[in-house]
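A.B. asks: To start, I am sharing the structure in question, which I have written as structure tokens.
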Amino acid sequence: MSDRLTLLRPDDWHIHLRDGAVLPHTVGDVARTFARAIIMPNLVPPVRNADEAGAYRERILNARPAGSRFEPLMVLYLTDRTSPEDIRAAKASGIVYAAKLYPAGATTNSDSGVTSIDNIFPAIEALAEVGMPLLVHGEVTRSEIDVFDREKRFIDEHMRRLVERFPTLKVVFEHITTADAAQFVTEAPANVGATITAQHLLYNRNHMLVGGIRPHFYCLPILKRNTHQVALLDAATSGNPKFFLGTDSAPHARHAKEAACGCAGCYTAYAAIEMYAEAFEQRNALDKLEGFASLHGPAFYGLPANTDTITLVREEWTAPDSLPFGEQTVIPLRAGEKLRWRLLEDNA
């Protein structure tokens, strides 16, 4: 088995960079590895139109490290008031690549999200017309539904109907966490894809809850039982082009995670490809990593794959205990632990 792994430079098809003083840190971490990233729009206030997307994009570009060619791919935040005209203007801007459906209350800064999918059918029709993907946080949010069941219930109540109602619409089922979602995407038409995070490949809910609550493993959708983890590993390493890399790297300041009511999100951007390599190596599937990380996503979005490469070496190193996050700190996933793969820094 080789101790070096060279891949076409990957892209991240789902990331949270936040805004303001933290951008030089979050953008620096993603730009270290990835050429492009789909930028989540759940700011306060959210990114609701092409003008707001353009302004956020400029802030990201201004935060890039010197010499970086990192390209942010912007996303609109759908609300009950998003119009077909908003979608067409976003497409015409040339900088917006998708629109995001957050069920209201599903995750961080989703209170402005969609209260009923029926409310945005005209906007979804416009997405299908202009060829812009719909990105879906696939969880129901009703209080009586168990948090571990919310993804499956979303499939049964909404996702099947959505795919049937809009047969030409490209749909990304984001950060899938269940065997149910993996099966749904596998059996769906070719216009339905999914992203999978590193944490959902490497961990299950036991890692978060057994022996004490570990807040830095807490994300939404929440980690599930190990049988679902196995199904996600099967999907990611299958070579099926429907599945591609999306870190959902989502930083929160340490005090917001280590709290009586802590925020959801794992920060993985600083070492994401190294973690994915670890997961794929566990399955003896390192030969499938380039497809998952570098080829399937661009193909789904109708974009060219990158032509430059990165190289990983099998070399243990210790993840930092914390990282700068504006004037505060963020505790990354795997803080203080050994990682088995290291990115050669001359790739940056």
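In case you wondered, yes, glycine gets a Cβ from its N, Cα and C as well.
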A.B. asks: Report the candidate from Lys91, Lys100 that shares the Zn(2+) 2 site with His137, His175, as recorded in Swiss-Prot.
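C.D. replies: The candidate from Lys91, Lys100 that Swiss-Prot ties to Zn(2+) 2 along with His137, His175 is Lys100.
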A.B. asks: If Swiss-Prot gives His14, His16, Lys100 as binding Zn(2+) 1, which of Asp156, Asp180, Asp234, Asp248 does it give for that site as well?
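C.D. replies: Answer per Swiss-Prot: Asp248.
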A.B. asks: Out of Leu169, Leu220, Leu295, which does Swiss-Prot tie to the same substrate site as His16, Leu17, Arg18, Asn42, His137, His252, Ala264?
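C.D. replies: As annotated by Swiss-Prot, His16, Leu17, Arg18, Asn42, His137, His252, Ala264 share the substrate site with Leu220, chosen from Leu169, Leu220, Leu295.
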A.B. asks: If I take the alpha carbons of His16 (Zn(2+) 1 binding site) and His137 (substrate binding site), what is the distance between them in whole Å?
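C.D. replies: Here the two Cα atoms lie 14 Å apart.
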A.B. asks: Nearest to Asp248 (active site) by Cα, among Leu17, Lys100, His175, Leu220 (binding-site residues)?
C.D. replies: His175
A.B. asks: Could you work out which of the binding-site residues (His14, Arg18, Lys100) has its C-beta surrounded by the smallest number of other C-beta atoms within 10 A?
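C.D. replies: Output over binding-site residues His14, Arg18, Lys100: least Cβ neighbours within 10 Å is Arg18.
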A.B. asks: What does DSSP assign His14 (Zn(2+) 1 binding site), in three states?
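C.D. replies: Assignment for His14 (Zn(2+) 1 binding site) reads strand.
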A.B. asks: Can you tell me whether DSSP puts His137 (substrate binding site) in helix, strand or coil?
C.D. replies: coil
A.B. asks: Given the binding-site residues His14, Lys100, His175, which lie close to Ala264 (substrate binding site), meaning Cα to Cα within 10 A?
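C.D. replies: Close binding-site residues: none.
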A.B. asks: Which residues of the same chain, at least 6 positions away in sequence, have a Cβ lying under 8 Å from the Cβ of His252 (substrate binding site)?
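C.D. replies: His252 (substrate binding site) has long-range Cβ partners Thr108, Gly262, Cys263, Gly265, Tyr267, Val330.
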